[in-house]
Amino acid sequence: MEQPDLFGTLAPLPAIIAGVDEAGRGPLAGAVYAAAVILDPDRPVDGLADSKVLKAEQREALAVQIRAQALAWFVASASVQEIDSLNILRATMLAMQRAVAGLAMAPELAMVDGNQAPKLRCAVQTVIKGDALVPAISAASILAKTARDADLLRLHALYPQYGFDQHKGYGTPQHLSLLREHGPCPEHRRSFAPIKAYGAP
C-alpha cells in the first residue's frame, strides 16, 4: 500500500522571515524598544540566544555581528509619553510596527516573541519563548536590549541622581530609594503605579 506523501502536503515556509522582539516593557523609566531582524541563511550568526541570558559584553559583540551580517534589521521605540498615553502594551505593539516597517526589505512572515503581536502588513506568528527558540527572534532581542541599554546610559548622563546606569530603569530597591529622595524625572513613566506613588504630577 502506497504511503501518502505527508511532507508534500505541507505549505512551504515563507522565504523572508523577520524575527521581532521588544525590550523594556517592565521598567519604570525610559522608552520601550523593539527590533526586527531578517537573518541571512548564508551568513549565520553563531552564539545567538535570549538576550537576558547573555552577559552585556556578549550582547554587544553579537549586536555588531547581527548588524553586519543580517539581510535587514531595524530598531525602533515608543517614548515615555506614548507609553503613558497609550498604555505599555499598545506602545510596545507600536514600537514593533515601527521596527518591521523600517526594514530595508519586506518580510513575508514576522515571528514575534510572546503571545501577542501587532497588526502588520505581512503574516504574523507568535512564538512563546521565541527569543530562546528562533534565531531571528534571538537576534531581535539582542538588538532591542543593547539599544535600550545605550539609551539608559544617555538618560544617566542627563539624570545621574537616579542610577540608571546600574538598574536600567527597573524597580530595584536602589531605584525606589532614589525615587523617594528625588521624586520622578521627565523620563519616568507616569502611568506606572510606583511612579504615581512617589508623587508624579
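Backbone N, Cα and C define each Cβ position, glycine as well.
Among ASP46, ASP50, ASP84, ASP113, the residue that Swiss-Prot places alongside ASP21, GLU22 at the divalent metal cation binding site is ASP113. Summary of the divalent metal cation site environment: with the site residues ASP21, GLU22, ASP113 set aside, the chain residues having Cβ atoms within 8 Å of the Cβ mean position are VAL20, ALA23, ALA34, ALA35, MET96, VAL112, GLY114, GLY130, ASP131, ILE137, ALA140, SER141, ALA144.
Look at the Cβ of each of the binding-site residues ASP21, GLU22, ASP113 and count the other Cβ atoms within 10 Å; the largest number goes with ASP21.
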